[in-house]
Every structure is written in structure tokens, then in C-alpha cells.
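Visitor: Dropping the structure in here first, questions after.
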Amino acid sequence: MQTTAPTEHTLLEPLATSSGDEGLLEISLGPHHPSTHGVFRMDAVLDGERVVKLKPVVGYLHRNHEKIAESASYLASMPYTDRLDYFGSLTNNWAYALAVEKLAGIQVPERAEYIRVITAELTRLQNHATTIGFLLQEMGASGSPLMYGFRERETILDLFEALTGSRMMCNYMRFGGCRVELPSGWLDRVKKTVTEFPRFLDEFENLLTSNEILLARTQGIGTLSKELAIQGGVTGPVLRASGVNYDIRKVDKYGIYDRFNFKIPLGEHGDVYDRYMVRMLEMRESIKILEQALRDIPAGPIIDPKTKIRGFRPKPGEAYGRIESAKGELGFYLISDGTGNPYRYRVRPPSFINLTLLEDMCRGYSVADLIVIFGTIDIVLGEVDR
Amino acid sequence: MLGTGIAKGLVETARNFFGSYVSRDRLTTVEYPEERLPQAEAARNFPFLVYDGDDWKSGLRCVACQICEKECPPKCIFIEKSKDKKPDAVGKPQFYPTVFNIDVSVCMSCQICVEVCPFEAIKMDTDFELSTDDRFGGLLWDRQQLAKSNTYYHEIHPTEATEVDARLAEEKAKADAKAKAAETKPVAAATGAAQQTSHGASSAE
Ligand code: SF4
Ligand code: SF4
């Protein structure tokens with residue numbers, strides 16, 4: 001803990017320095033506060049319990065993902081994308097595969113497109129289920145919500161394990177399709193999970209949605225206005241909770257998303273409660289998409305046979321592939337110079353960009369709210385510091 | 001009414017709590033290491049080298065082409081190629097690895113090496129209990145530690161291994177047919193033009 005006077009050992013520009021700031025307290029929350037994820041910390045200036053200023057400090061994981069990818073072959077970057085956001089390795093795979101497919105003009109077979117949608121929506125389900133669990137954990141409801149969320153996540157991870165061989169680092173998609181055919185009986189297991197999942201959502205709603213403590217802790221807290229959200233480039237559930245109808249699945253219609261009938265849930269106030277509710281409703285929409293995809297999935301090849309795995313060299317050019325990951329717009333920008341590795345490789349991570357407005361969401365609220373607001377942004381540090 | 005939401009939530013927790021005593025599929029704890037969950041057939045932890053027959057050294061399928069070494073994302077494979085050649089899995093004379101090390105402490109279990117190997121020589125193991133007190137030597141596996149028999153491969157990945165065997169058998173049959181054709185050609189040339197035509201008609205080509 002630090003007092004008002006700036007001390008010499010602060011590496012950052014001290015926040016509480018200007019005159020008239022006497023009585024303010026600058027504290028560093030994290031990086032090992034239980035509710036800050038990974039190496040993240042917040043430099044907060046407090047007036048009593050109120051947050052006056054806040055500076056998110058993302059820390060240094062030193063992953064160097066983008067530079068590593070520039071010196072590795074196109075294929076060798078695929079397993080690294082898993083590690084960007086370990087809650088959504090399959091959607092990360094898809095975003096990268098999409099960028100490479102655009103770059104090289106590859107056509108993906110029908111069946112693979114359906115498999116991609118199924119795995120991506122399952123990813124969204126388990127991501128949101130755990131995010132809400134963590135959010136409640138951060139609010140002090142340790143135990144039930146997080147455990148219930150994890151219980152559902154486990155069933156979905158079992159499916160991923162059966163399909164890809166790994167629970168979290170799936171490394172499943174390939175340019176032009178998917179790596180392996182679905183194991184026998186896999187689709188039936190998915191069907192079972194999809195039919196049982198709404199029961200969990202109902203359970204969650206019973207447990208939480210009308211809980212007076214939850215309402216008191218979330219409604220009107222951490223409000224983010226529509227205009228500011230748009231200006232800040234925020235995407236995903238955080239943006240939609242502020243009432244902006246923007247979902248890449250509808251706007252860009254990548255893959256085969258134009259074939260499915262689903263709605264985009266929107267919030268009104270952009271507060272913590274809306275961000276929670278948008279995620280709950282989004283899970284119900286994902287179930288709808290999954291039902292349609294499971295009904296329509298055709299037989300056929302799962303990968304374009306013309307695409308080379310080894311020695312893949314796209315023509316010189318550039319491409320940007322983007323998808324709606326569970327956290328927002330995840331994009332990969334690639335420049336090819338015709339060699340076996342990308343000349344430039346850049347990730348547009350939703351977590352990092354959503355974090356930029358943390359101060360605006362937290363200003364004026366108390367420290368306890370700060371933790372909850374931070375929880376609703378849903379970040380993974382691997383994606384923040386690539 | 002204030003409190004109904006909380007009461008509803010408590011009912012839900014109680015239902016889950018007591019439910020775990022009556023419903024079998026809610027009891028999910030596994031008493032590891034006495035009890036183990038069955039592994040998915042697709043499970044992949046760390047690579048191993050497949051050998052045919054009983055002798056690991058002569059049966060290794062690997063021909064030291066070094067493709068996996070080049071493609072491995074964290075570059076944890078180290079190979080040295082032999083000076084001489086020995087027959088590989090399909091019977092062609094090939095180089096073999098005199099050194100084949102994998103640093104499993106670096107390996108990210110991505111399976112890229114398996115995918116790029118043109119000789120079905122490297123596969124993924126399902127073993128996960130690797131703890132050792134020797135961080136550097138103990139996790140740098142050499143070719144003898146990496147070598148596992150084809151039978152073992154069949155045990156852990158039955159479907160995949162059967163497919164691989166079928167593919168290798170087909171390749172071997174093709175290679176044999178080709179070798180045979182190459183053998184019979186000079187004979188045919190020596191025995192005259194008329195015979196050559198009849199020979200050509202009956203050959204596998
Ligand atoms: S599994 Fe991946 S990291 Fe491990 S040796 Fe093979 S290519 Fe390298
Ligand atoms: S394991 Fe396969 S790819 Fe690697 S050197 Fe041996 S034959 Fe080549």
C-alpha cells in the first residue's frame with residue numbers, strides 16, 4: 001500500500017500527485033489479489049472507498065505470440081493460438097484459420113463448416129458458464145455458482161477431449177477444414193449435452209437472477225454508456241450490454257452463420273447486471289444455433305484436399321479474418337510475402353481492448369464494486385499480453 | 001417480496017446438495033490414483049516412436065528425414081541422421097536416426113510432428129505420469145525411451161493404428177510389386193519381343 005506522496009520506487013507515473021489530492025490513497029490491487037487474473041493489476045486512487053482514478057497495468061507475460069508466429073510456419077502457429085485464450089481455444093483456431101483461408105483463397109467443405117459452428121458454440125457455452133461463476137465468486141458468493149459453472153464446463157470439455165484429444169489446447173482446426181473426423185457417437189453426446197444444458201440455465205436463473213443481494217450489487221453499477229463503448233472499440237457481451245446491436249456473426253456472417261436463426265440479446269443500461277444477463281441470454285441463443293446445426297449437419301469430407309499441410313505457402317497479399325469469440329471480436333491480420341511464414345502477424349484481442357475502458361466503468365464506485373466490474377469484462381491475460 | 005429471491009436460491013442449492021447423494025451421475029469424484037477415468041481414444045500427451053517387430057533398434061519406422069524437427073513449433077526435437085542406410089517399414093533402404101531426442105519439458109503436446117511425418121513413425125502417447133526429480137536429464141528422452149512397439153500403439157489408439165497398418169500394407173504391396181516389375185523387366189527384354197507382350201499383359205501393372 002502506498003500513501004499520497006509519490007515514492008521513488010514507482011515505475012509508473014504516480015497517479016495521485018496534483019495538489020488538492022491530499023487525503024487520497026493510491027493502492028495497487030493485484031497482481032496476486034485473488035480476483036485479478038494472472039499478472040494483471042490495477043493502480044487505483046481512492047477517496048475513502050470511492051475510486052477516483054484507475055490505471056490498468058497488464059503486466060508482462062512475455063508470450064511474444066505475434067513475433068513467434070512470424071518466424072514459424074503457418075501450421076506451427078495453430079497450437080499457439082490455443083494458448084491465447086485458454087477458455088476458447090476452438091474459436092481462436094477458427095479466427096486464425098479464417099484469416100489464412102482468406103489469404104490463400106481456400107474453400108471449406110460444408111461438413112467442416114458445421115463442425116466449426118458446433119465447436120464454437122460449445123466453446124461459448126462453457127466460457128459464459130464459467131465467466132458467470134467467476135463473477136459471482138468475485139462478488140463474494142464463493143462456492144455454488146462457480147462449482148455449477150465448472151460442472152457444465154467439464155461436460156463440454158469431455159466432448160472436446162473426445163474430439164480433439166485435449167481438453168483445453170484443442171489445436172483442432174486446419175486451413176480448409178478440421179483435423180480429424182468426428183469420433184463415432186460424438187454427435188449424440190453433443191445432442192445430449194445440448195438438451196440438458198437449459199436445465200443448468202434454469203437452475204442458474206433460480207439461484208441468481210432474482211436474488212436480492214445480486215440485484216443490489218449489480219444494478220446501476222459500472223455503467224458504460226453506448227457512445228463511450230462504441231468510441232472505445234469495445235466488442236462482445238460488454239458492448240451488447242450497453243445496447244449496441246453488433247455481433248460479428250450477424251454483421252460479417254463468417255462461416256455459415258447466415259443459415260441459422262438466432263437473436264442477439266441486448267442490454268439497456270450497460271451495467272453489471274446487463275452484462276450478466278446478456279451472457280445468460282446468449283447461452284440460450286447458442287443452444288438454438290446448436291440444435292439447428294446438429295439437425296442439418298451433412299456427411300462429406302472435413303478438409304479441402306487441395307490444401308497442403310506441410311510447405312504451405314500462400315500468395316503474397318494480406319487478409320484479416322475475424323470472428324465473434326465469447327469475449328468479443330477476435331481478429332487475425334496477416335501479411336504474406338509468399339514464404340512459408342507470415343511476414344506480419346497481428347492479433348486483435350477482445351480482452352485487451354475491452355480493458356481500456358475499465359477506468360470509465362469504475363470511476364465513482366467503491367472498491368468492492370471495482371472487483372465485480374472487472375469480473376464482467378471477462379479477460380484472459382494470455383490474450384491481453386500476447 | 002424481499003427475500004423470495006434468496007429463498008429460491010437456497011432451495012436450488014439444497015436440491016443440488018441432497019441430489020448429489022441420490023443421483024449417480026452427480027457423484028463425479030474419482031479416487032485417483034486407485035481409480036482412473038478411461039482415457040479418450042484421441043488423447044495425446046507426448047510423442048513416441050513406433051517400431052515394428054520385436055527389436056526396437058532395427059524396427060524403428062523413423063527414417064530421420066527431420067521434417068518433424070523442422071515443423072515442431074517449440075523446436076524440442078533433436079535428430080542426427082545416420083551415415084549408412086537400413087530397410088525401413090516398407091522395405092526400402094533408408095537412413096535412420098542415430099540420435100532422436102525429445103525434450104518433453106518443452107513439448108506442448110500439439111501433435112504437429114505426428115501430422116507432418118510421412119512415414120507413420122511418430123505417434124502420440126497417452127501416458128501422463130511423468131514426474132521426475134531430474135528436471136533436465138529426466139525429461140530429455142532419447143530414442144530408446146521414445147521407442148514403443150506397434151502393439152502398444154494398437155492398445156492405446158486402436159482405430160487409428162488399424163488404419164495406419166492398412167495404409168502401410170498397401171504401400172508395401174505397391175513397393176513389392178514395383179520391385180518385382182523391375183526384376184522381371186531385364187528377363188523379359190532378353191527373352192524376345194513376342195514373350196514380352198504376353199508378360200506385360202499378365203503383370204500387376
Ligand atoms: S507434440 Fe508438438 S511440441 Fe511436442 S514434439 Fe511433437 S511437434 Fe513438437
Ligand atoms: S519421425 Fe517421421 S518426420 Fe520425424 S524424422 Fe522420423 S520419419 Fe521424419
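Numbering starts at 1 and runs along the chain as displayed.
A Cβ is built for glycine as well, from the same backbone N, Cα and C atoms used for every other residue.
Dumping what TrEMBL says about this protein:
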{"type": "DOMAIN", "residues": "B:52-82", "note": "domain '4Fe-4S ferredoxin-type'"}
{"type": "DOMAIN", "residues": "B:98-127", "note": "domain '4Fe-4S ferredoxin-type'"}
{"type": "REGION", "residues": "B:170-205", "note": "region 'Disordered'"}
{"type": "COMPBIAS", "residues": "B:170-183", "note": "compositional bias 'Basic and acidic residues'"}
{"type": "COMPBIAS", "residues": "B:184-194", "note": "compositional bias 'Low complexity'"}
{"type": "COMPBIAS", "residues": "B:195-205", "note": "compositional bias 'Polar residues'"}
Visitor: Provide the three-state DSSP residue tally for the compositional bias 'Basic and acidic residues' (B:170-183): helix first, then strand, then coil.
Guide: 14 helix, 0 strand, 0 coil
Visitor: Give the mean pLDDT for the domain '4Fe-4S ferredoxin-type' (B:52-82) on the 0 to 100 scale.
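Guide: Mean pLDDT across the domain '4Fe-4S ferredoxin-type' (B:52-82) comes out at 91.
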Visitor: Run through the domain '4Fe-4S ferredoxin-type' (B:98-127) and tell me, per DSSP, how many residues are helix, strand and coil.
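Guide: For that range the per-state counts are 5 helix, 10 strand, 15 coil.
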Visitor: Just give the helix, strand and coil counts over the domain '4Fe-4S ferredoxin-type' (B:52-82), going by DSSP.
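Guide: Secondary-structure composition of the domain '4Fe-4S ferredoxin-type' (B:52-82): 9 helix, 6 strand, 16 coil.
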